[in-house]
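Take a look at the structure set out below.
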Amino acid sequence: MPLNKLIQDGDNQDLTQERFKATFDTDELAAVFNGGEDRLQRIREVRDELTKRGHLFDALPAAHRTRAERMEDVSRKVRNSAQGFQMTRKMKSDFFEFASLYSEYETNFFIHNFLRFLHPSNYSLLKNLMENVSDFADFTNNADMLIITRDVMGIEGFPLALHNLMFVPTIQNQADDEQQEWWLMDALQGKIIGTYAQTELGHGTNLSAIETTATYDKSTEEFIIHTPTTTATKWWPGGLGTSCTHVILVANLIIDSKNHGLHPFFVPIRDRNSYSSMPGVRVGDIGTKMGVNCVDNGFLAFDNYRIPRRNMLMKHSKVSKEGVYTAPSHPKVGYTTMLYMRSEMITHQAYYLAMAMIISIRYSAVRRQGEIKPGTQEVQILDYQTQQYRLFPGLARCFAFMTAATTVRQMTESCIKELSHGNSDVLADLHALSCGLKAVVTHQSSQSIDQARQGCGGHGYSDASYLPTLYTCSVGACTYEGENMVMLLQLSKYLMKAAAKAEEGAVMAPLVAYLAKSDPIENGDKYGKLLNHFEHVARHRVMHAYRQMIEEEKQGIERDYAFANHSVDWTKAARAHTKLFIARGFVKKVQEVSNEAVRDVLNTLAELYLSYELIEMSSDLTTNGYLPETEVQQIRHQVYDSMRKIRPNAVSIVDSFDICDRELRSVLGRRDGHVYDNLYKWAQMSPLNQKNLPHVEKYLKPMTSKL
Ligand SMILES: Cc1cc2nc3c(=O)[nH]c(=O)nc-3n(C[C@H](O)[C@H](O)[C@H](O)COP(=O)(O)OP(=O)(O)OC[C@H]3O[C@@H](n4cnc5c(N)ncnc54)[C@H](O)[C@@H]3O)c2cc1C
């Protein structure tokens, strides 16, 4: 029995030959990547069930459909849940009993675990909205829902994406018990569809500049929602364009002319029956974007639109009938929700990147182009060192990022337990880390996906490869959920405080303890040595940025300006700090793997990851004589050595991601490697291959027929 489990008769011969070279069992590595044997098994069972339900999938590739047709396709798959999901009285009472067990801090934990892992609520919506999956899918199982969403819906989103991710969790997190009784069941059953409207046309990152107002009118016990300027128009919220009946609106709370800052309001915007916008509400779609065009991102403006007082979400802050404001008891409410969101985003990025690697590496094994020595046979492009340099660092990053996502999720869970005992010590560390991870992982994933696209030549630019879709989905995440540069600056502020502590010799949190250490004289074993180099670079960058800033302060420049004057250096420091965390986690993970053959291949990937990332930062390695140029050269050679070792296993490694053709939606990445015949078939489906096309009939024919 071959070690690669994907070998089948009739496949492209080059691909089959590659698969026979595997030195490890692909099922074993698949279990490591996908979070364990049980989880892998379950993913496969769900996938098999989906295979039996052909009508869940589209006859034509999405690229050959208009945006409106694609919106129709995804909406068909998430149709109204009213008939699908009736919560029984018992389920309803369990639901609220469970919710009430949780304290304020645990509420965030409750949202994510209860909704995603423990209880039918959030994913049940998706599940019950989806046709025909309720008889086999376990909606309490995150793996089930992940695979169903990816396989059936694809990665370009759907009109209820923000409803699930933001609208329902915000009601649970920020509405009081009575408000949850009013709104939650309708939201869970899809009787109302919502989104989260925060960003404005003129204001994104800087929340303090948001202009939309909610002014309390004591005489009627209502809030008057108003958009005072064009720049105050809400812009971007997913699902707002055409799908939502309601929004959670983030607006300035004004009472007796006093601004109490931003608060969330539950605001109906469209009639649930007619879908017409409410009087006083202007709402619509913002048009096509670089990607995620199955999400209808929209705009929203209000003309003195009135909502009842109790439509302000009042779990944490309150406004009484008389207009008395009560502030939230704890300023950090909501932090842990954000932490979970970010760990989920990192998981998604690891999958996007894995898909890009499957596509580009399989295709590079099938594609023959050019000769290494003139007059010899055309080579598989995977044999070119330059091609390996383009692709294999991305391959190693898949494992590094997946490990980071798992680690940060576990750290978040343990942090929440600590919070429930009143200990918030690690929250700031973890929040800062999550900012760095969000920024580094989204940036590097999209970079590696684009390298994969370019590595597939012209066919990589075709939608048939699916690489353009993967790139646009991945790169969008560099902006939403916190713009990346701003995320790095947030981490920098935390590192600035840590640097000050290191200078003072104060006690340091574990994640930044290395700042107070000096460079080791003994470098340790292979991994120890490389990780020491990561520590050196991070420490050097952080302390350098800090000391430059302090020097400016001594010259009378205020701290804020001194920080801003060195913000590029600070973001470089933040990246190095984050890469150190990822590198440490990857090494630890590899060392825990028990199967020797799998550990060997992961060792090679980890070596490549560490040496490649160090070479990317190599100028910091030689500064101040930390390493001689010869040692940097050795690290560079380590990159090439690791690539050589990975080459024979490359196809089997990507096969181990265990992502099937249907999920992959790529002609270039097909398991069987029959790329050319299928590219031809894919092109035949293009709507432009129909007869009597208007542009030809109206304009081109009359032009050419005159010649
Ligand atoms: C695909 C997608 C989906 C989205 N979905 C939603 C949604 O559902 N709901 C919603 O409310 N919003 C949504 N958004 C909006 C998103 O949250 C914002 O685009 C994001 O917060 C960035 O804000 P901005 O666009 O105003 O950029 P800006 O803040 O204007 O940033 C522009 C540039 O200025 C820089 N910059 C800004 N502030 C600073 C600073 N303090 N220091 C240094 N540099 C700075 C940034 O680094 C960036 O280079 C979505 C956006 C996208 C792309």
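A Cβ is built for glycine as well, from the same backbone N, Cα and C atoms used for every other residue.
Database features (TrEMBL):
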ACT_SITE  E481  active site, proton acceptor
BINDING   T199, G238  FAD binding site
DOMAIN    138-193  domain 'Acyl-coenzyme A oxidase N-terminal'
DOMAIN    196-304  domain 'Acyl-CoA oxidase/dehydrogenase middle'
DOMAIN    335-496  domain 'Acyl-CoA oxidase C-alpha1'
DOMAIN    529-704  domain 'Acyl-CoA oxidase C-terminal'
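Counting residues per DSSP class in helix, strand and coil order gives 38 helix, 0 strand, 18 coil for the domain 'Acyl-coenzyme A oxidase N-terminal' (138-193). On a Cα basis, the residue listed as 'active site, proton acceptor' lies 11 Å away from T199 (FAD binding site). Note: the CA-CA distance between the residue listed as 'active site, proton acceptor' and G238 (FAD binding site) rounds to 12 Å. Within the same chain, residues at least 6 positions away in sequence whose Cβ sits under 8 Å from that of G238 (FAD binding site) are G157, A161, L162, T195, V292, V295, D296, N297.
Confidence for the domain 'Acyl-CoA oxidase C-alpha1' (335-496), expressed as mean pLDDT, is 93. According to its DSSP assignment, T199 (FAD binding site) is coil. Taking the Cβ of the residue listed as 'active site, proton acceptor' as centre and 10 Å as the limit, one finds 17 other Cβ atoms among all the protein chains shown.
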